[in-house]
Amino acid sequence: MHLSKVMFVALFYAFFAGVAPLAYGQLTPTFYDETCPNVTSIIREIIEDTLLSDARIGASLIRLHFHDCFVDGCDASILLDNTDTIESEKEALPNNNSARGFDVIDRMKARLESSENCPGIVSCADILAIAAEESVVLAGGPSWAVPLGRRDGTTANRALANLSLPSPFETLDEIKAKFTAVGLNNNTDLVALSGAHTFGRSRCQFFTNRLYNLSDCSTNPPPDDTLNSTYLATLRDLCPCNGNGSVLADLDPTTPDGFDSNYFSNLLVGQGLLRSDQLLFSTPGADTVDIVNNFSANQTAFFESFVVSMTRMGNLSLLTGTQGEIRLNCRVVNGNSTGQNIMLVSSI
């Protein structure tokens, strides 16, 4: 079900009217209406063009926004390359050879910088936020009025990226603690944002520990009894023990490129690809179980909660007004074109 933007705007205002600490602050969906009115259509066109050759780019772009906001807030720090003074977050363990879509963000920024009225206007942090929303819409998910007006940070924090980003190998309690640490709630926000795994792919290396005893590649008994047995056999065929860890598997085996509630329905039958996903439903007594059940049965409830949680996440630790800067190149702090060490990040 695709809900209208009008409905979600109404929901957004109704929700945030009663939650003062998480209100807009200085952000507004109309921030660029006068200065760069075509910003959203420019970003959407580039995503549409990229989708013709890369079906998973939408999931990759929303992941960039997520991984940015979890590290010192939504300031586009994840986009900065190494320099003499900056240790890029791209080389943090959760991102290195994993986070992707940087070249697509580069194309969006270049198009905006060459468009009438837009040069020096749109922050890289806002590009990430808009790209995330448009990626969801183009995959059949909900649309929402993205609050805008973020400014870009001038430094990165690799150490915090290594510590704060949730891992597929962590327990539910560990992941909950990471959501709480950044200011999100550890139940509805956690489950709703995890629902972004309804599209995209993951490498075998992130879940083969669920398929085998990796010390001797034995398969009986299975290391992870939360996996559906038929799904387990399918994954073993795709990802043999000690095989190529870069082989890709669909996060949602049912509708891999669509944004819907099937991710949650998969969890109910033991078909969560990552253990961190399956734990939302398979952890005895967890408060996330009822939320998974609700979202599986009611896609509208999932879409509504996803919009609220995405907006809440996009409001974390913002730079606004005269703070930070508007980067002219999303990879480099303004005025620091020397000493740059461009990383080669794998596209897989």
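Glycine too: its Cβ is placed from the backbone N, Cα and C atoms.
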Original post:
Of Cys124, Cys204, Cys330, which cysteine does TrEMBL list as the disulfide partner of Cys239?
Top reply: Cys204
**OP:** Could you pull the disulfide partner of Cys74 out of Cys36, Cys69, going by TrEMBL?
**Re:** Cys69
Original post:
With reference to TrEMBL, which of the candidate residues Cys241, Cys330 participates in the disulphide bond with Cys124?
Top reply: Cys330
**OP:** Measure from the Cβ of Gly73 (Ca(2+) 1 binding site) and count the other Cβ atoms within 10 Å, all protein chains considered.
**Re:** 20
Subject >> When distances run from the Cα of Thr198 (Ca(2+) 2 binding site) to each of the recorded positions Arg63, Val71, Asp75, Ser77, the nearest one >> reply: Arg63
Original post:
Nearest to Thr255 (Ca(2+) 2 binding site) by Cα, among His67, Asp75, Glu89, His197 (recorded positions)?
Top reply: His197
Subject >> C-alpha spacing of Asp68 (Ca(2+) 1 binding site) relative to Pro166 (substrate binding site), in angstrom >> reply: 12
Subject >> Rounded inter-Cα distance in Å - Asp260 (Ca(2+) 2 binding site), Ser77 (Ca(2+) 1 binding site) >> reply: 29
